[in-house]
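Please read the structure below before turning to the comments.
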Amino acid sequence: MPARYRSFRCSVPWLMLLLQALFLICCFLGYPDVSNNYSLIEIYPEFQDVNHMVVFGFGFFLVVLRRYGFSSTGFNFLLFALGVQCSLLGEDLLCRAADCSLWSLEKAVVSMIAVVISTGAVLGKANPVQLIVMTLVELTFFYVSRCINRTFLKVSEHLSLMHVHLFGAYFGLALTSRFPEPPPRLDKNRSTPKSELFSVLGTVFVWVFWPSFNSILAVSPFKMGAVLNTYLALAVSAVSAFMLSALTSKDGKFRMAHIRSAVLAGGVTVSYTAHRIQHPWIAMILGLLGTAITILGSHCLQRCFNPALKLHDTSGVHFTFGLPAVLGAVAAVVLCFVEQGIETQWDDLSSLGYYIFDDIGAFCQTISTALITGFITGLILNTKLFKAMHVSKYFDDQVYWEVSFKMISV
């Protein structure tokens with residue numbers, strides 16, 4: 001490695017060794033054996049789909065920068081492997097359920113979506129030490145947020161986990177606000193046709209497996225409905241993305257950045273309500289609205305909001321995941337209000353208001369916790385203790401990987 005690049009030999013390997021030893025000790029003390037509950041074997045295909053979605057899909061989805069491909073895929077895989085162990089321990093040990101089962105592993109993998117989304121916001125700016133610490137801190141606070149929603153607001157397990165998009169997006173935004181903004185004309189902060197192609201490949205992976213993600217936590221009678229509604233929302237979202245991309249571009253051509261972000265908006269938007277929607281046309285409308293808010297939001301955020309707040313959102317997680325998640329949470333409140341009103345024939349308005357208060361409270365609590373903890377984490381990570389990189393070293397694989405000059409110059 002050239003002398004101008006800082007070496008992480010004395011920090012990264014030892015930090016990973018320390019964490020892995022800690023996980024092994026916790027597993028030895030906390031898990032007497034592995035659960036052999038054969039009734040859970042039927043959910044293994046869904047678990048595999050979500051696993052592929054996170055590792056392959058999001059791994060390639062983040063390959064958007066021309067000189068940061070190795071780091072995008074490699075660090076995503078590293079954080080997933082470390083984070084899923086941490087999340088699994090948090091799920092079972094903190095819940096005092098010493099049972100290492102496929103069900104707890106599913107929830108651990110779903111929780112990792114928050115970390116992957118937040119990584120996209122600081123992509124190319126955070127070093128491995130900062131990313132590892134971010135993973136541990138974010139998973140801890142996401143678990144705390146879920147506990148608050150379940151214990152005090154009586155939110156269901158499914159809904160509390162589906163806040164993963166909301167928490168990951170706004171934790172990442174608050175985190176990246178504490179990182180120095182790169183120069184506006186930095187050559188490394190752009191994509192190439194090859195990097196865009198890899199990113200779209202990851203988007204297709206995520207698109208294909210998203211119905212399994214939305215249905216993995218639903219109970220058996222509602223699984224098929226969740227799959228159907230999610231697929232229809234994604235289909236409408238994909239068509240709408242191409243339509244709105246051509247309408248909003250100056251020359252009427254499709255923009256790959258729009259397609260890469262907006263085709264997933266339908267899946268994020270219906271994640272809260274896919275198992276409860278009774279009429280498919282509702283899911284299709286949510287897919288259309290999710291795409292519209294993503295593409296229109298990208299124009300407003302990148303031109304007005306982000307420059308004013310000096311936010312640099314590398315992968316656009318705000319309009320790819322944050323805004324559709326907000327729309328989905330609002331849609332969940334509206335659908336809950338209508339469903340409960342129809343069941344009670346609009347007679348018990350006090351009880352109806354209680355349900356709405358719980359859902360709105362969970363939504364506000366999740367965003368608030370994500371913003372506050374993300375901001376504090378960003379402040380801590382940018383101290384000298386974590387070897388923050390200078391802005392001139394942003395978005396460069398050479399800082400962390402053995403890369404030939406010919407490969408990074410393509």
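In case you wondered, yes, glycine gets a Cβ from its N, Cα and C as well.
Any TrEMBL annotation is an automated prediction that lacks curation.
For 34-385, the entry in TrEMBL reads domain 'Ammonium transporter AmtB-like'. Annotation comment: TrEMBL describes 12-31, 75-90, 102-124, 131-152, 158-176, 197-220, 226-247, 281-301, 321-340, 360-381 as transmembrane segment.
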Legend entry - Sequence-remote partners of the transmembrane segment (102-124) [C-beta within less than 8 Å, at least six residues beyond its ends]: 35, 37, 40-41, 43-44, 46-47, 50-51, 54, 58, 61-62, 64-65, 68, 71-72, 75-76, 79-80, 83-84, 87-88, 90-92, 130-131, 134-135, 138-139, 142-143, 161, 164-165, 167-169, 171-173, 175-176, 179, 188-189, 213, 216-217, 313-318, 320-321, 374, 394-396
Legend entry - Candidates 131-152, 158-176, 226-247; stretch with most C-beta pairs under 8 Å toward the transmembrane segment (321-340): 158-176
Legend entry - Beyond the flanks of the transmembrane segment (158-176) by 6 or more, those residues with Cβ under 8 Å of it: 107, 110-111, 113-122, 125, 134, 138, 141-142, 145-146, 149-150, 214, 217-218, 268, 271-272, 275, 311-314, 317-318, 320-322, 324-326, 328-329, 332, 359, 362-363, 366-367, 369-375, 377-378, 381
